[in-house]
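This report concerns only the one structure given below.
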Amino acid sequence: SIFTVLILTLLVLLTVATFLWNLLVLATILRVKAFHRVPHNLVASTAVSDVLVAALVMPLSLVKELSAGRRWRLGRELCLVWVCFDVLCCTASIWNVTAIALDRYWSITRQLQYTLLARRRISNVMIALTWLLSAAISLAPLLGWGETYSPEQERCQVSQDPSYTIVSTGGAFYLPLCVVLFVYWKIYKASKFHMGGRKRNAVVPLPEAAQVKEASQEPQMVFTARRAAITFQTDGETWREQKEKKAALMVGILIGVFVLCWIPFFITELISPLCSCNIPPVWKSIFLWLGYSNSFFNPLIYTAFNKNYNNAFRNLFVKQR
């Protein structure tokens, strides 16, 4: 039908756009030396996971959607590879978003302790843990924890073993979900605290004990003040407050899109094996592709809030011309 053709065209465009946009982000980070530091290494790790989703996972998912009854006719070996990369790349993408949120949180609330050197070390550790955890979750079915391929029914899907479902969904989504929600709450709280503290500040007049003396022989001013508390209030927001407000907005949008894209899929993924519910395949496909779309929105969000990326994109295209 025309509706089916439109839906498949939309999915193809989503796959191509996700691949090209994340590839553009990676190319920009590699070409611009100023981006060879934190937090751009976290952005690069996210872009790598999202590029792999678009290159290795989404095309095979589209082939599955095109087959009659959404059956898998590509064999057992390719099924195992597809499921492995599906879990690996999507889990890595989710945890990379969590790492970006944590980096923004620490840069706002621990400015003195979270130096450039500490930030670089912590970001590298978070990237390594992200990919190690994602690999552990994705490789578990290959080691015998559940079955992903059914030749009789021509079905290829993530292992439906109840114990693996609980562990995989918890490690891939529910744990990072709790982390990002807690982080955003702390960022919002810190931002409100600093804004409230600025509004309470006022200019306190000097007491009479403050004296200004001018020496007659030497051209110097001597200022003495006892028990004088002077605070200043600016008319607008300070640079730090603008930075915190912008970071809170970026993290809020990033987390909001992340939750909206993935929570329908992971709810059905957790409920289906535990209660033996028969969820219609069309809804499973909708929820799955909604989760894939998060890989398209990620680079749009964290580059939209950074003018350096926009300038780098413009310079990159000008050089190519």
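Positions of Cβ are set from backbone N, Cα and C atoms, glycine also.
TrEMBL has this to say about the protein:
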DOMAIN    21-302  domain 'G-protein coupled receptors family 1 profile'
TRANSMEM  6-30  transmembrane segment
TRANSMEM  42-60  transmembrane segment
TRANSMEM  80-102  transmembrane segment
TRANSMEM  122-144  transmembrane segment
TRANSMEM  164-185  transmembrane segment
TRANSMEM  247-267  transmembrane segment
TRANSMEM  287-305  transmembrane segment
For the transmembrane segment (164-185) and the transmembrane segment (6-30), does the number of C-beta pairs under 8 Å, pairs 6 or more apart in sequence, reach 3 or more?
no
Beyond the flanks of the transmembrane segment (42-60) by 6 or more, those residues with Cβ under 8 Å of it:
11, 14-16, 18-19, 22-23, 25-26, 29, 35, 74, 78, 82, 85-86, 88-90, 92-93, 96-97, 99-100, 103, 123, 126-127, 130-131, 292, 295-296, 298-299, 302
Is it the case that the transmembrane segment (6-30) and the transmembrane segment (122-144) touch, counting contact as three or more CB pairs under 8 Å in which the residues of each pair are 6 or more positions apart?
no
Please give the sequence-distant neighbours of the transmembrane segment (122-144): residues at least 6 beyond its ends with Cβ less than 8 Å from one of its Cβ atoms.
38-39, 41-42, 45, 80, 83-89, 91-92, 95-96, 99, 102-103, 106, 114, 158-159, 164, 167-168, 171-172
